[in-house]
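J.: Annotations per TrEMBL:
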type : residues : note
SITE : Arg16    : site 'Transition state stabilizer'
SITE : Lys23    : site 'Transition state stabilizer'
SITE : Arg155   : site 'Positions MEP for the nucleophilic attack'
SITE : Lys211   : site 'Positions MEP for the nucleophilic attack'
Amino acid sequence: MGKLGVIIVAAGKGSRMGTAESKQYLQLGQKPILVHTLQLFQNIHEVNEIILVVGGNDVERCTGYVQSYALSKVTHVLAGGAERQDSVRRGLGALERDTEWVLVHDGVRPFVKREHVFECLVKAQDRDAAVLAVPVKDTIKIVDTEKRIQSTPDRRSLWAIQTPQAFRLSLLQEAHERALQDDFMGTDDAMLVERIGTTVHVVEGDYYNIKITTPEDLPWAEWILLNVRGEGQQ
Ligand SMILES: Nc1ccn([C@@H]2O[C@H](COP(=O)(O)OP(=O)(O)OP(=O)(O)O)[C@@H](O)[C@H]2O)c(=O)n1
Ligand SMILES: C[C@](O)(CO)[C@H](O)COP(=O)(O)O
């Protein structure tokens, strides 16, 4: 396998969480959420380097985490951009030139399982682009601005997309360049690859790989830490 780089994006403001401290720095058990996420990838042998993208005012604090938690694979701590996509693009620019594969992961998804990371990577190595996802459990409706239901997509074709998202690096770079040229903004990296005509494959993960987004996710995250990860108060 060629070199594997990981971009952890953690430059968001956490406005939906509404806490004074950005959500990626909230304590989960004994460590900040972001540190849990970083340790997951630090402990994957196949990962060559980790690029950590954070808010402009948080570079120093995160450089401190890299030292105090011995996150030796983190080679760069960079300031991100206004949107997630800008943060990923900055991360792409920092990867070692001979990197062949890249995983993009949200700093606020601390519970992804190793086996799912590997399954996603293996699929990408076979097909160039793969993302973790889970089948949607609810019935989803398309609703207009007046809150009137317009249609009901067939649930069997709906998946909730997660991270990591794994790509051949040259493909993701091209997708980001084209999005920038076209002034296109997407909410995940797969969207950018889809729009340049490359098929992105879905790998089924699990429902514990939550993106900690709103306040009710916090007690759920504590429960997962204790009962799924078995970490208790470590
Ligand atoms: N400009 C941005 C926006 C988001 N992110 C990161 O992308 C991930 C997923 O984004 P989300 O959960 O939406 O985080 P926030 O943007 O912080 O949340 P909100 O939209 O509620 O402000 C997070 O790890 C977040 O830090 C980023 O690196 N740069
Ligand atoms: C990338 C992502 O986590 C996949 O679910 C999601 O699209 C991020 O979106 P957000 O609007 O930044 O929460």
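Including glycine, each Cβ sits where the backbone N, Cα and C put it.
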J.: Can you name the residues of this chain that are 6 or more positions from Lys23 (site 'Transition state stabilizer') yet have a C-beta less than 8 Å from its C-beta?
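T.: Residues satisfying the criterion: Gly12, Gly14, Met17, Ile33, Val108, Ile212, Thr213.
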J.: Rounded to a whole number, how many Å is the Cα of Arg155 (site 'Positions MEP for the nucleophilic attack') away from the Cα of Arg16 (site 'Transition state stabilizer')?
T.: 26
J.: Please identify which of Arg16, Arg155, Lys211 has the densest Cβ environment, defined as other Cβ atoms within 10 Å, among these recorded sites.
T.: Lys211
J.: Got a sec? Which of Arg16, Lys23, Lys211, the recorded sites, have CB under 6 Å of any ligand 2 atom?
T.: Lys211
J.: Report, in whole Å, the straight Cα-to-Cα distance of Arg16 (site 'Transition state stabilizer') from Lys211 (site 'Positions MEP for the nucleophilic attack').
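T.: For Lys211 (site 'Positions MEP for the nucleophilic attack') versus Arg16 (site 'Transition state stabilizer'), the Cα atoms are 12 Å apart.
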